[in-house]
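K.L.:
So that we are looking at the same thing, I have put the structure below in structure tokens.
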Amino acid sequence: MTMFNKVVKEFQWGGHKVRMETGEIARQASGAVLLDMDDTVVLATVVGAKNPKPGQDFFPLTVDYLEKTYAAGKIPGGFFKREGRPSENETLTSRLIDRPLRPLFPEGFYNEVQVVIHVLSINPEVPADIPALVAASAALAVSGLPFNGPVGAARVGYKDGQYLLNPNRAQLAHSDLDLVVAGTERAVLMVESEAQQLSEEIMLGAVVYGHEQMQIAINAIHDLVRDGGKPEWDWQAAPKNEALVAKVSELGLADLQAAYQLRQKSARSQKLKEVYKSVAAKLAEAGVEADGVEVDNILFELESKIVRGQILNGEPRIDGRDTRTVRPIEIRSSVLPRAHGSSLFTRGETQALVVAALGTKSDEQIIDALQGEYRDRFMLHYNMPPFATGETGRVGSPKRREVGHGRLAKRALIPVLPPADEFGYTIRLVSEITESNGSSSMASVCGGSLALMDAGVPIKAHVAGVAMGLILEDNKFAVLTDILGDEDHLGDMDFKVAGTDAGITALQMDIKVQGITKEIMQVALAQAKEGRLHILGKMQAAMGGARTELSEHAPRMITVKINPEKIRDVIGKGGSTIQALTKETGCTIDIGEDGTITIASTSSEGMAEAKRRIEGITAEAEVGKIYNGTVLKLLDFGAIVNILPGKDGLLHISEIANERVNQVSDYVKEGQAVRVKLLSTDEKGRMRLSIKAAKAEEGDVPVAAPQAPGAGDAASQQQQQQQQ
């Protein structure tokens, strides 16, 4: 008799075998599911507070995705030998899981909910994000919490005209698409993707295909809940105070409508604050007892109805535009004099200062992932300080939102970057958001494309991004191009599309309601393309192509190819040679395992000197060639002469002059520069040199008579004895 009431469900999903179980591990959590997808094993747990905190006016959901190094059979680095702060991938995956789960909790549910997903085992070929999302959904479903799920998810690839379901890492490396889609049985809720300039039709097809295939996982979760789920919570939303709603509407509706006739964000925000304060004061004067949070929520609902109603009725949007118009755009390049590339991209009240810096291979980011260590030559960092929205706040390490926006912009630009063998620089872009009123991540894409071209990075084409919104009510809907911050909060869907004039490079969708059909998404994508092409036209007019010359402040780069066996000679004992080269020439020198040496410096003279010295260190001595040598040591039967760095040979006494030489020191001295010809090299690399042969070949003296038989053999024997 076991102490566990374990329920297990197994199913085949594409090329993967999946096993879900509940009832054995983490039984004190509200819900827990262990999911195994071809040896990638994740444990998802959910805990929900039984009661909300007093005064709580928002839904406090936290999602934490945590990777354990033991999952890959590793011990963490560093002094403490344990996992530290979340990596960028953990942060991004936490956001990926949060986004489709959050809209499925009922309105008015303010109990704290924490979802924690641990990666316990990793198959390097099976990414853990899809198993983690499905496991989190299953844990919520079995917990009994008020949750309108379950949610399914799928990764979709695209190659040779075919969609791939949950491709492994090897397949993803050659796929033209990496798209993650999540949703319920009836609707898509979230899309995250990177693409190689694909058409809207292919992208939409991938979303539909992924939604169809995720039903397998959703059905398995239903089976798990049926056999292993906990009782559903008896939770009901608090009834609306209709009398208070009517009173607040009476006091504030007209003023709110007037506020939304103000086109400038700062003036509108100020007016809205005044309305909120005024309504609270009037309620107090009238003797109406009301919770401030409840009043604010009613006013926000009124705002939403005003904005949505105006748009659906065909009236102008908040800032006076129609639904298809992009805000005015201003572009300026080479903004910063010492930066390698920079641009200032302004679209309405959203502005991004994007700066490019070029570095060498040693500047690449080394990422120690569960799947193994790898290097990243392209970084994009997004920062949005509080002053961008006219507020005060914390300034410091990036928050989840900043990390996510930076990754989206990076995804959009990766497909147009030149390969490393054509442009060997490490590239870092930093987007500093200096103003924000919606769509700052897409401003980062546009500004990033311009900054790359300004830096002389030969990208394939400009990339532009546009943020879209959608409002759906009954059978009416409106798609909004280039949404404002307020439209983002009040709409039913926001999606961001980035790409070139040839196709989409990145797509991100977040859908807050169910009922958005394939046809609606088709209209939205077509309108987004129209907006993207408009922005691309502005960017093309401002900068038609990448600069042909790098900034004078950017490092120049040359490459030298050497025999890989010579790498140790360039490095030297304990790194002494490479350190001396770097210090004396002022260059950065990177050595690849294949023998490719990259020399970078802002000084062309320093690069030339470093190249000359490396070629000297690695040069192979050629028989029959004449060299400038230096006498290192005198011997009774000749001298040791250095002809190349680390290359010494024997100048036999018989090869010094045509006449008989009795005393070597009568002809050469230690430290003397001499011209010598390499006569031969034996199987051990020992070299025979000749001054008289060099002079004869260069015309200084007649060609010497052939050497007597056996003389060469005697000299060779003497050289061997000396070097041994």
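Backbone N, Cα and C atoms are what each Cβ position is placed from, and that goes for glycine too.
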K.L.:
Which residue range, 557-584, 585-612, 697-724, is the one Swiss-Prot calls region 'Disordered'?
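P.N.:
Residues 697-724 are the ones Swiss-Prot records as region 'Disordered'.
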K.L.:
With DSSP helix as H/G/I and strand as E/B, how many residues of the domain 'KH' (555-614) fall in helix, strand and coil?
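P.N.:
Residue counts in helix, strand and coil order: 32 helix, 16 strand, 12 coil.
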K.L.:
Out of these binding-site residues, D488, D494, which one has the fewest other C-beta atoms within 10 Å of its own C-beta?
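P.N.:
It is D488 that, of the binding-site residues D488, D494, has the fewest other Cβ atoms within 10 Å.
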K.L.:
What mean pLDDT score does the domain 'KH' (555-614) have in the model?
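P.N.:
Value for the domain 'KH' (555-614), mean pLDDT as a whole number: 90.
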K.L.:
Count the residues of the domain 'S1 motif' (624-692) that DSSP assigns to helix (H, G, I), to strand (E, B) and to coil, and report the three numbers in that order.
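P.N.:
Taking the domain 'S1 motif' (624-692) as a whole: 8 helix, 36 strand, 25 coil.
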